[in-house]
Amino acid sequence: MSESCAHLLISGRVQGVWYRGSTKDKARELGLTGWVRNLPDGRVEALACGPQEQVEALVQWCHQGPPAARVSEVEVDWRDPGETFANFKIR
């Protein structure tokens, strides 16, 4: 199974609703590495790396997010793995 990374920009009501913590939990459950952080413009940014199928599962999850989130858009930029991470963390 090939390894890949997805750079995500998530828009909508995604800050103050436990989006980063839930994304970290879901990514770790899927065995992914990378990070997630809030942006000053109200979006959430993430980089998730691992087996293609698991990364795709996280991308799909990000369209919904945790119960209090209201996701309006998820931009995905697929990348070849470059930088390596020990785990998935909140930045």
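Cβ atoms are placed via backbone N, Cα and C, with glycine included.
TrEMBL annotations: computationally assigned, not manually curated.
Here is what TrEMBL says about this protein:
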| type | residues | note |
| --- | --- | --- |
| DOMAIN | 5-91 | domain 'Acylphosphatase-like' |
| ACT_SITE | ARG20 | active site |
| ACT_SITE | ASN38 | active site |
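Rounded to a whole number, the C-alpha distance linking ASN38 (active site) with ARG20 (active site) is 8 angstrom. Secondary structure at ARG20 (active site), as computed by DSSP, is helix. Counting only residues at least six positions away in the same chain, the Cβ atoms of VAL36, ARG37, ASN38, VAL44, ILE90 sit under 8 Å from the Cβ of ARG20 (active site).
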